[in-house]
């Protein structure tokens, strides 16, 4: 029979498409040309519709506690002209003119190519956001749970599939691929789990880290077996070709790990602290993504294998990982990636499903899900995890989405699944995830509140109320292990693009002013934040107990702040924050600049003088006081510091000063707390006589 679409003809199960190579860019409707017949305007329209409808439906499904990828499956699995909801025959697809104009058969090849490109960059991006080191930090718990997660459901699901195939009547094609579909139930995508936990605001919990780490272990096995099976399938009973395909895949992974990753570490080492990675390095990595995808196809693997491994090899966080995420995130996740689900939806025909076959697949999926939850809970409870948390962990690890769809698309492309079987597998993915997400949301809401954190949140709210018009507070709660807490702090700072993170000093201040014993764990936390934060870090030594103020700006009519300025980038930053504070009507700021008799470097002194003059000009209305104190040497400088006493409630100073400064002569050898810096440690010392709180920036 002939297809109704212009430019295509269908003979049996084969469709022939006639295309004009010149029909790429339209000359416009005013020249009496139909833009829908040209590749570029049609592709732009398709991608715009996909993105707009996807975002609109996401906000509609959000009250039902559904995550974005569930929405994408629901929306984009309906583009088939024979099935679906929004673009299917129920709504827009009922109009034949719309279906043949907007999604004609001759446009599917281009759309499929764009979808593969979007999927490739998306999986690379997700790999960059992941930290494979989580497996090592989670220890043997994650490894054992990951092994149980993969092998127990695999054995049980395949067994029940073989039993059903023997005793239940079914289509011959379904009987052949039933063990394959059953085996796929053991797969768990760590990328999908990370997305799900991020959207449910659970990613910062220890349970979530264990879930992602366990899923990574299972995925290493699953991806390996999938790559091997694909190499064997592609070889078409040619053992030598299969062996070469497997060895080439191992070579590609080795090339990424032992060549590409060291180069990226070298790029990070060459990037100065606080600066962004050079544009040429970012472009080079983009090219490597494309090359790795090309090599994956050449060796007989899916195009996403190389980019996914490459993304996992990229060191996460600043400066390189965060720069790549910033460059790619919005374009890839909101525009390119949704087209992949659209192409999957075009292959999905719900009306091709037979009810009896649906019942058989339902039995396998339900059985495999129950077994998978049990396979996670048993070792988790053995490792002293509470039953409730073990159940939540099991639910998290039953999530299905991108990875399964990717595998099912692969099997469909190579003819291992027909239209009905592919539709059944897509439906099973949708069904499980649509149930799991709301369940996790409800369980998380019941367990997330605690009185221990409520009073801290209330303190922030009260602080904001007391300082309306000057301060706005966004409170975030994260449940994390102290060993990995710095990752949460740095990631939040990066997401919110903050300029300054303030952390507490690890030692306690006694009532008499002496410094007590400190917490080694908090000290390590501070070191990690200072080293890895994508912005400046201020270390606060709170001495409010000594000067009688229990809360900043609440019990005092005037709050006195001093900035000690010796010169250098850090002192300049401390001065900038002091000037910001001076905008508050109840803050009096004093800037004390220390100079030597013979002066330091003339160029540096001029630079400092220009900055002070500029600040003086801009702060004329804020009542900022500027003082110059001339000292002879380091000893005289120490005496000047000690003379400050309890004059100010808060003193601010930079962590590092210019090394060649004569003010620091003889003092550098006494710096035992590098996170405070030389001057900061001097101010904090109980021998200094200073009673102020200290902020080292």
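Each residue, glycine too, has its Cβ placed from N, Cα and C.
The feature domain 'Cation/H+ exchanger transmembrane' is assigned by TrEMBL to 83-440.
TrEMBL lists 454-545 with the feature domain 'Cation/H(+) antiporter central'. Mean pLDDT for the domain 'Cation/H(+) antiporter central' (454-545) in the predicted structure: 78.
Positions annotated as domain 'Cation/H(+) antiporter C-terminal' by TrEMBL: 560-696.
The annotation transmembrane segment is assigned in TrEMBL to 38-61 (among others).
Residues or ranges marked as transmembrane segment in TrEMBL: 73-93 (among others).
According to TrEMBL, the transmembrane segment annotation covers 113-130 (among others).
Within the chain, the transmembrane segment (142-167) has long-range Cβ neighbours (under 8 A, six or more residues past its boundaries) at 134-135, 175, 178-179, 181-183, 185-188, 210, 213-218, 221-222, 360, 363-364, 367-368, 371-372, 374-376, 378-380, 383, 393, 397. For 142-167 (among others), the entry in TrEMBL reads transmembrane segment.
The feature transmembrane segment is assigned by TrEMBL to 173-198 (among others).
Away from its own ends, the transmembrane segment (210-232) comes close to residues 130, 132, 134-135, 137-138, 141-143, 145-147, 149-150, 186-190, 193-194, 197, 242, 245-246, 249, 300-302, 305, 376, 393, 396-397, 403, 407, 410, 414 of its chain (Cβ-Cβ under 8 Å, at least six residues beyond either end). Look at TrEMBL and you will find 210-232 (among others) tagged as transmembrane segment.
Summarising the annotation, TrEMBL assigns transmembrane segment to 244-268 (among others).
Per TrEMBL, the feature transmembrane segment maps to 280-300 (among others). Residues 120-121, 124, 230-231, 234-235, 245, 248-249, 252, 256, 260, 264, 267, 306-307, 309-310, 314, 320, 323-324, 327 of the same chain lie 6 or more positions beyond the ends of the transmembrane segment (280-300) yet place their CB under 8 Å from a CB of it.
Taken from TrEMBL, the feature transmembrane segment applies to 358-378 (among others).
Residues annotated as transmembrane segment in TrEMBL: 390-410 (among others). Non-local neighbours of the transmembrane segment (390-410) in the same chain are 69-70, 73, 119, 123, 145, 149, 184, 187-189, 191-193, 195-197, 207-208, 210-211, 214-215, 218-219, 222, 226, 230, 302, 304, 341, 344, 347, 369, 372-377, 380-381, 417, 422, 425-426, 428-429, 432-433, 436-437, 439-440, 443-444, 447; each lies 6+ residues outside the stretch with a CB under 8 Å from one of its CB atoms.
Residues or ranges marked as transmembrane segment by TrEMBL: 422-441 (among others).
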Could you tell me whether the transmembrane segment (173-198) and the transmembrane segment (422-441) have 3+ CB pairs under 8 A, leaving out pairs under 6 positions apart?
yes
Per DSSP, what is the residue tally for the domain 'Cation/H(+) antiporter C-terminal' (560-696) in helix, strand and coil?
56 helix, 31 strand, 50 coil
